[in-house]
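Notes follow once the structure below has been shown.
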Amino acid sequence: MRLIPLLTPDQVGKWAARHIVNRINAFKPTADRPFVLGLPTGGTPLEAYKHLIDMHKAGQVSFKHVVTFNMDEYVGLPTEHPESYHSFMHRNFFDHVDISSENINLLNGNAADIDAECHQYEEKIRAYGKIHLFMGGVGNDGHIAFNEPASSLASRTRIKTLTHDTRIANSRFFGGDVNQVPKYALTVGVGTLLDAEEVMILVTGHLKAQALQAAVEGNVNHMWTISCLQLHAKGIVVCDEPATMELKMKTVKYFREMEAENIKHL
């Protein structure tokens, strides 16, 4: 696992965006050979999306031949609702870059047959071969996507019941009213994430410090979903300084030295 220890959320977003752009450009995608990118929602990736938009506008990257798969979506929330993840992605990213609408894949939380929707999502990912890079965030309790604590590390896309803590955390997007936050969501599984060629998790803020410690210094444990990254051949965690407060000083020092060339000029 790589740990990229930075100072601020803006630096985390900038590093992540730069890494994505470098991966896309090195891949040289075409219509017949697109780059497949997994994407998250939430507050943490917003800085990355801002930097990706800026880099696109500066002519440094095109998303014309990029296919995206989002991590999750609420169940029962209308697509046009401002807090649906369909709305979030268009508002914060898709509407500002040159991605083709037919290349955007989002789970349908209003599907008549939820199981079929989840199965078809997995099948579509497989049809592209694999996701080349999956970017994600992490919850205070270590969940990735909506793979809450005790999720199977072999799980695939499915419906999940959201914990009360997750709903409280997400209530800030619903006017602070936890009762407005859906109780269920569709989410890619831990196994789906681990199938990606590369997984990059963004971790910012002191509230995520315990999750980061579990990911880097703890054991692989289904109660801390983020710890599954230890099983991945190409796992990257990009974090800001407050998120490292539970890590040993020597751990941070080690990774800072290892990644010195990759974190300069930010």
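Cβ atoms here come from the backbone N, Cα and C positions, even for glycine.
Annotation source Swiss-Prot lists active site, proton acceptor at D72, H143. Feature annotation from Swiss-Prot assigns active site, for ring-opening step to D141, E148. Annotation source Swiss-Prot lists site 'Part of the allosteric site' at S151, R158, K160, T161, Y254, citing sequence analysis.
When the recorded positions H143, R158, K160 are scored by other C-beta atoms within 10 Å, H143 scores highest. Looking at S151, T161, the recorded sites in this record, the fewest other C-beta atoms within 10 angstroms of the C-beta turn up around T161. Rounded to a whole number, the distance between the Cα atoms of H143 (active site, proton acceptor) and R158 (site 'Part of the allosteric site') is 15 Å. Candidate active-site residues: D72, D141, H143, E148. Nearest to T161 (site 'Part of the allosteric site') by Cα distance: E148. For K160 (site 'Part of the allosteric site') paired with E148 (active site, for ring-opening step), the C-alpha to C-alpha distance reads 8 Å.
Among the recorded positions D72, E148, S151, Y254, the ones whose Cα sits within 10 Å of the Cα of D141 (active site, for ring-opening step) are E148. Considering only the active-site residues D72, H143, E148, Y254 (site 'Part of the allosteric site') has H143 as its nearest partner by CA-CA distance. Taking Cβ-Cβ distances under 8 Å and a sequence separation of 6 or more, the neighbours of E148 (active site, for ring-opening step) in its chain are D141, K160, T161, L162, T163, T166, T225. On its own chain, D72 (active site, proton acceptor) has P40, T41, Y85, L107, A145, F146, A185, L186, T187, V188 as residues at least 6 apart in sequence with a Cβ closer than 8 Å to its own Cβ. Other Cβ atoms within 10 Å of the Cβ of D141 (active site, for ring-opening step) number 19 in total over all chains. All chains included, 14 other C-beta atoms sit within 10 angstroms of the C-beta of Y254 (site 'Part of the allosteric site').
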